[in-house]
Every structure is written in C-alpha cells, then in structure tokens.
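Record features (TrEMBL):
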TRANSMEM  6-29  transmembrane segment
DOMAIN    145-264  domain 'C2'
DOMAIN    276-397  domain 'C2'
Amino acid sequence: TERAVAVAGGIIGGILLFVLIGITACLLWKKFCHLLSYEKLTSPVKTTNANAIFQDQSTSEIQLKSTSRSRSVPFIVPPTLHGRDWINLTNEEQVQEDSDPHMIPQSGPRSSFHSLAGAYVVGTINPELYKFPEDKSETDFPEGNIGRLWFSIEYEQESERLLVSLIKVRKLQPPADSCSPFVKIYLLPDERSYLQSKTKRKTLNPQFDENFVFQVSSKMLLQRTLKFLVYHVDKQKKHHLLGQVIFPLKNETLTDDNKLVIWRDLEKENLEPPSDYGDIQFSLSYNDYLGRLTVVVLRARGLKLQEESHAVSVYVKVSLMNHNKFIKSKKTAAVLGSPNPVYNETFSFKTDQTELDTASLSLSVLQSIKGEKTQLLGRVVVGPFMYTRGKELEHWNEMINKPKELVKRWHALCHST
C-alpha cells in the first residue's frame with residue numbers, strides 16, 4: 001500500500017509539474033509574440049508589391065524634409081483602408097486608383113508621406129479654399145461710374161427717430177484734379193431742410209463715419225425717401241454737384257435691432273428744367289429667352305399737383321397695348337403730397353418677341369384726392385415706329401438692341417392721348 005501511495009503521488013506530482021511547465025511556456029510564448037509584433041510595427045514598412053507606397057525608411061522618428069515642408073495640414077488614410085490599391089507617382093507621393101474617385105487627393109502642395117501610427121498621408125488641405133469671399137463692392141466699378149456711396153439706416157420705434165450713418169464715398173470723378181467733397185442728406189418729400197456732413201479735404205475716397213438723426217413718425221416712415229447729394233468745393237468756395245443717391249424707405253424693414261448697411265452708385269442729376277407737365281424716369285428691359293418685358297418705374301419730378309398736401313396721392317399706371325388694344329395694366333403704390341415722388345417699382349409683362357413691332361407701353365401719372373375723381377397729370381407712350389418718335393422711339397429701340405439690360409431714361413409728360 002505504501003508503494004501504491006508513493007507511485008500515485010509521483011504520478012500526480014509529475015502531472016502538476018508538466019502543467020506548470022506548459023503554463024509557463026505559454027506565457028513566455030505570448031510575451032515573445034507581443035514583442036515581435038511591437039518590433040514589426042516600428043520597423044521600416046516593406047512590401048513585395050511592385051506598386052508599394054513606401055520606400056525603405058525609418059519611422060522611429062516621424063519627420064518631414066525641411067526642403068518640402070508645407071504649412072498645409074496633412075490628410076491621412078486610416079488603417080482600415082490600407083488594403084486599397086495605390087499607384088506610385090513619385091518617390092514620395094501616391095494616389096489611389098480610379099476605382100474609388102472619392103479618395104483621390106486634389107492637386108496642390110503635398111507634404112512627404114510617412115507612417116503616422118499606421119496611417120498613410122495621401123494629400124493636404126489647401127487653406128486658400130476655405131477663405132471667405134472678398135467684398136467686391138470696393139473693387140468692381142461699372143464703366144462710366146462716377147462714384148459709390150455707403151451708408152446705414154436704423155429706426156428707433158419708441159423715440160420715432162431715423163438714424164442715418166454716412167460711412168464713405170469711393171471713386172469720385174471731380175471736375176478738377178483735387179477734390180474736397182461733402183454730402184447733403186434730405187428726407188423727401190421735404191426738400192427745404194437737410195443735414196450736412198463735414199468737408200473732407202483733397203480726397204477722391206472720403207471716409208465720413210458721421211451719424212445723423214431725422215424725426216419721423218412710424219406711420220409716415222414708409223412714405224419717405226432718403227436723398228444724398230455729393231458736392232465738391234473748389235478753391236473759390238463754389239459748390240459743384242458730383243452725383244446723387246435716391247433711396248426709398250418703403251421696401252425696407254427698419255427696426256431697432258436691424259441696422260442695414262447699404263451701398264449705391266451715384267447718379268447724375270437731371271439738370272434740364274422740368275417740362276410743362278413734369279417728367280418721369282423709368283427703365284425698360286426685354287428678355288428674349290423668357291419673352292418678358294420689364295418696366296421699372298423710378299421717379300417723377302415737377303408734377304403739377306392740385307394742392308400739395310397729404311390728402312393728395314400720386315401713382316403711376318403702366319399699361320401694355322398691342323395694335324392700340326388694351327392687354328394688361330399694373331399700378332404703383334401711391335405717394336402722398338409730393339410733386340417729386342419716388343417709386344422704384346418693377347413690373348413684368350409676358351410679350352412674345354414677334355409682338356415687339358406692334359406692342360407699346362403707356363405710363364400715366366394720376367392724382368387722387370379723397371371725395372374727388374382721379375385726375376391725369378401726364379402721360380408718355382414708348383414703343384416702335386408705328387406709335388412713337390424721338391426719345392420714346394430711341395428708348396424702345398435701345399431696349400431691343402440691349403437684351404436683358406435695364407435701359408434708363410427720363411421722359412417728358414404730356415396730356416395728349
């Protein structure tokens with residue numbers, strides 16, 4: 001029995017020793033494999049593929065060649081995409097095959113390619129592509145431009161004050177070499193009072209940064225129009241008008257928290273005396289592709305009103321005719337009590353190009369007083385040779401010769417039908 005016990009103990013001890021040796025060997029093998037994988041990761045990456053993307057290089061230190069160093073940000077491919085096929089372009093640049101066009105890097109400066117924690121650099125981000133677009137209002141001036149004016153407007157509801165900030169003027173065209181400009185600001189229809197800026201000496205690009213306040217009720221605000229007159233003072237202290245800007249407020253949303261910054265090109269003032277019944281200014285344009293005739297009613301001046309009061313409203317009726325037959329008409333909003341109303345309203349009519357030789361436009365300026373009939377103040381017709389002559393015919397022909405362009409002109413009003 002003692003021998004049997006000894007034999008059994010020896011067998012059990014041998015088995016336990018064998019198990020212990022096996023466990024120890026397993027742990028040593030795992031540790032050895034781990035060391036091998038770590039060395040393989042940090043060793044130079046090599047491949048037997050003829051189109052391999054790396055040359056033999058040491059990645060113990062990740063660095064870029066100083067001669068090809070770029071400020072651009074490297075763009076890398078994660079390890080999950082390492083199985084892609086690549087084409088060798090140069091010694092340092094690679095690009096993916098056309099099988100996946102979304103992974104093709106854009107052309108531009110590239111940094112050297114290295115292994116960054118198992119990821120491959122395939123391109124760079126060009127910071128120039130993410131810049132905000134430049135403001136071209138100070139660089140793009142149309143041919144024949146006589147200057148451009150910047151201003152801002154804001155309305156305080158509680159105090160009923162219109163705040164106007166005169167910012168700057170650029171590219172003035174003075175009559176002499178030197179220019180000392182200033183600006184007068186009117187709130188039409190009141191043309192007897194105005195606010196004036198300081199005079200800027202010897203500059204074609206004055207910077208004003210001045211604030212002005214007009215007291216006007218919220219009910220009358222949308223009936224008002226801002227008028228800016230830019231003058232030049234010569235050495236004899238004489239004032240020369242360089243240009244003007246007319247800005248109606250009726251289409252603007254003016255609140256305490258809504259400050260609008262606006263720029264407008266200067267226009268030359270019509271120095272001709274008003275005609276007997278006044279004048280009207282409007283633009284014509286024809287889009288031959290859409291078959292659309294567009295009329296922009298801008299303003300009128302020198303109207304002979306029955307009485308200048310807020311009870312009098314003046315509006316313009318635009319009618320399209322064909323062979324002297326009425327087709328369609330549209331009306332502007334009414335402006336109260338002004339012989340020089342400003343509208344800036346656009347109307348479009350559907351007109352085939354073949355109808356331009358027989359169609360015409362009639363613009364009638366009408367006065368309305370409460371309790372009385374509407375009165376015609378003046379009228380003008382523009383159209384082809386069949387109906388018009390002189391300036392009206394020239395305006396129509398210029399519109400046809402310049403498709404899709406707005407052609408602007410003044411016309412004298414008359415009472416003839």
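Even glycines carry a Cβ here, placed using N, Cα and C.
Mean pLDDT across the domain 'C2' (145-264) comes to 85 in this model. Residue counts for the domain 'C2' (276-397) by DSSP state, with H, G and I taken as helix and E and B as strand, are 11 helix, 67 strand, 44 coil. Residues of the same chain that lie 6+ residues outside the transmembrane segment (6-29) never bring a C-beta to less than 8 angstroms of a C-beta in it.
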